Amino acid sequence: MSYLQERILSDGVALNEDVLKVDSFLNHQIDPVVMNEVSKEFVDYFGDKGITKVLTIEASGIAPAIWVASELQVPMVFAKKTEPSTMKSEDQYTHDVHSFTKNKTSRVIVSSKYLSADDRVLIIDDFLANAEASLGLVDIVKQSGAEIAGVGICIEKSFQPGRQKLEDAGIDVYSVARIKELGKDKITFEEGH
Ligand code: 5GP
């Protein structure tokens, strides 16, 4: 069992059968041991794919994405959920992303200065549920003309359709922990990544 799986079992809180709270090691307080483990797995899997940028979405994707980018020695870019006044004059790639946990749609923005057709992009996120966030980032990469090397996820909820949607779009997905079933006193994992 991986360290991330152990932390999910010992400290994760199933808020219901769909949502897992992991504020004590991933979404609020961040455990660097988890970050080291997930970034090492992402680098082992995607490291030979010629990645030039790591892309995520604020806020919870930033920690694992910067850890991976640091290992790969490439820049990390995060899609912003609000447009700062300093970006208004810049060309942008945008996509409307519906948040599973917040039940809210936000327009995510990446300046066109930081993604271009020469890039090969690894998308990283904390969770995969319905793939709204990942597919939004995939669309942003496509707008830039860059190539997608794959999607790396810390915690996939395999009982939700996100992975299938990404695979149907031809995208290579690697998840460190894959949850098969979520319940108050029961969390089970899927084999493989
Ligand atoms: P998706 O876009 O795949 O539907 O959902 C992924 C996003 O929603 C992640 O970026 C994450 O922030 C949030 N999310 C989805 N499911 C969960 C969950 O069970 N727990 C937490 N903490 N966040 C989740």
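In case you wondered, yes, glycine gets a Cβ from its N, Cα and C as well.
Just so you know, TrEMBL annotations never went through curation; they're auto-generated.
The xanthine binding site feature in TrEMBL is assigned to L20, N27, K157. Taking all protein chains in view, 17 other C-beta atoms sit within 10 angstroms of the C-beta of N27 (xanthine binding site).
Following the DSSP three-state reduction, the secondary structure of A131 (5-phospho-alpha-D-ribose 1-diphosphate binding site) is coil. The Cβ of A131 (5-phospho-alpha-D-ribose 1-diphosphate binding site) lies under 8 Å from the Cβ of P161, G162, R163, K165, L166, each on the same chain and at least six residues away in sequence. Taken from TrEMBL, the feature 5-phospho-alpha-D-ribose 1-diphosphate binding site applies to A129, N130, A131, E132, A133.
Residue counts for the domain 'Phosphoribosyltransferase' (36-157) under DSSP, split into helix (H, G, I), strand (E, B) and coil, are 41 helix, 46 strand, 35 coil. TrEMBL lists 36-157 with the feature domain 'Phosphoribosyltransferase'.
Cβ neighbour count within 10 Å across all protein chains ranks A133 highest among the binding-site residues L20, A133. The domain 'Phosphoribosyltransferase' (36-157) scores a mean pLDDT of 96 in the predicted structure.
Looking at the residues that bind xanthine per the record, L20, N27, K157, the two CA atoms farthest apart are separated by 16 Å.
Every protein chain shown contributes to the tally, and the Cβ of N130 (5-phospho-alpha-D-ribose 1-diphosphate binding site) ends up with 15 other Cβ atoms within 10 Å.
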